[in-house]
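Chemist: If you scroll down you'll find the structure; I have some questions about it.
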Amino acid sequence: MNILLFGKTGQVGWELQRALAPLGNLIALDVHSTDYCGDFSNPEGVAETVKKIRPDVIVNAAAHTAVDKAESEPNFAQLLNATCVEAIAKAANEVGAWVIHYSTDYVFPGNGDTPWLETDATAPLNVYGETKLAGEKALQEHCAKHLIFRTSWVYAGKGNNFAKTMLRLAKEREELAVINDQFGAPTGAELLADCTAHAIRVAANKPEVAGLYHLVAGGTTTWHDYAALVFEEARRAGINLALNKLNAVPTTAYPTPARRPHNSRLNTEKFQQNFALVLPDWQVGVKRMLNELFTTTAI
């Protein structure tokens with residue numbers, strides 16, 4: 001199996017390099033690649049890459065994910081999240097390749113308290129959500145052999161993440177205020193990559209699984225409770241924190257250019273049934289990431 005990966009250096013892309021390697025021959029690209037074009041600001045170049053390589057599977061982990069920045073550069077977000085996805089979809093259809101693509105809960109209006117189903121009506125709150133929805137539609141229209149995984153609250157051990165930011169602040173400050181009215185499931189890039197590799201194997205033998213899926217870790221939390229778990233684990237590991245008070249505040253306490261959904265819960269039953277997988281509780285992955293952080297780096 002020949003696999004083409006776009007966005008190899010992002011949170012999910014980095015883990016995909018590991019998870020996809022046993023499936024076959026992997027060509028991994030990013031914006032700086034020189035052998036082939038992996039620059040999503042150049043849709044024609046990216047489409048040409050697909051036609052040259054003629055892969056069996058394309059995994060797209062590249063995107064414009066700066067949610068607030070997208071509000072001030074909607075055309076650039078549209079180019080990366082929709083126009084380029086359409087170019088890939090058309091080229092993939094031409095060469096007979098599968099396309100695996102990641103989307104977001106931001107395609108929904110973010111109200112209510114019920115986990116969103118794949119069949120629920122979309123109504124994005126911001127530019128990022130609008131462009132990601134446009135990318136989904138382009139892929140669905142132009143390439144039948146696709147898997148779209150909507151995910152949420154993605155983190156990775158590599159690079160910056162919410163937990164590391166909270167730990168840094170908790171060492172500097174005695175009091176912190178964290179949002180407690182946004183609900184979701186922190187989902188590890190490791191989990192996304194491993195589930196993707198498994199799904200590709202299933203799709204190769206059962207093409208009828210093509211379609212749209214929700215893919216997040218199990219359970220639900222808030223940013224406030226997520227932070228509380230991080231601090232609890234840090235103290236258990238013997239890390240000294242200056243923090244002695246963690247306040248819960250509403251989203252309105254931190255105004256941002258892009259509106260944020262209150263309800264980022266996603267129903268994953270369809271994914272678990274079709275791919276015969278179990279999605280572990282969010283705490284499993286977060287605790288593992290923290291354990292690695294505490295034992296391998298001077299934080």
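From the backbone N, Cα and C atoms, a Cβ is placed for every residue, glycine too.
For Tyr128, the entry in Swiss-Prot reads active site, proton donor/acceptor, with the evidence type similarity to another entry. The NADH binding site feature in Swiss-Prot is assigned to Gly10, Gln11, Val12, Asp30, Asp39, Phe40, Ala63, His64, Thr65, Tyr128, Lys132; the stated evidence is similarity to another entry. As annotated by Swiss-Prot, NADPH binding site applies to Gln11, Val12, Asp39, Phe40, Ala63, His64, Thr65, Tyr102, Tyr128, Lys132, with the evidence given as similarity to another entry. Residues or ranges marked as dTDP-beta-L-rhamnose binding site by Swiss-Prot on the basis of similarity to another entry: Thr104, Asp105, Trp153.
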Chemist: If one looks at the chain holding Asp39 (NADH binding site), which residues at least 6 apart in sequence have a CB under 8 angstroms from its CB?
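Modeler: Long-range Cβ contacts: Val31, Ser33, Gly45, Val46.
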Chemist: Taking only the Cα atoms, work out how far Gln11 (NADPH binding site) lies from Thr65 (NADH binding site), in Å, as a whole number.
Modeler: 11
Chemist: Work through the recorded positions one by one (Thr104, Asp105, Tyr128) and name whichever has its CA nearest to the CA of Val12 (NADH binding site).
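Modeler: Closest recorded candidate to Val12 (NADH binding site) by Cα: Thr104.
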Chemist: Would you mind sorting out which of Gly10, Thr104, Trp153 (the binding-site residues) have a C-alpha within 10 A of the one on Tyr128 (active site, proton donor/acceptor)?
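Modeler: Close binding-site residues: Thr104.
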Chemist: Please name which of the binding-site residues listed here, Thr104, Asp105, Trp153, is nearest in space to Lys132 (NADH binding site), Cα against Cα.
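Modeler: Among Thr104, Asp105, Trp153, Thr104.
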Chemist: Which one of these binding-site residues, Gln11, Thr65, Thr104, has the sparsest Cβ neighbourhood, judged by other Cβ atoms within 10 angstroms?
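Modeler: Fewest other Cβ atoms within 10 Å, among the binding-site residues Gln11, Thr65, Thr104, is found for Thr65.
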Chemist: Would you kindly give the Cα-Cα distance separating Thr65 (NADH binding site) and Trp153 (dTDP-beta-L-rhamnose binding site), rounded to the nearest Å?
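Modeler: Here the two Cα atoms lie 12 Å apart.
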Chemist: Quick check on the binding-site residues: of Val12, Ala63, whose CB has the lowest count of neighbouring CB atoms inside 10 Å?
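Modeler: Sparsest of the binding-site residues Val12, Ala63 by Cβ contacts within 10 Å: Ala63.
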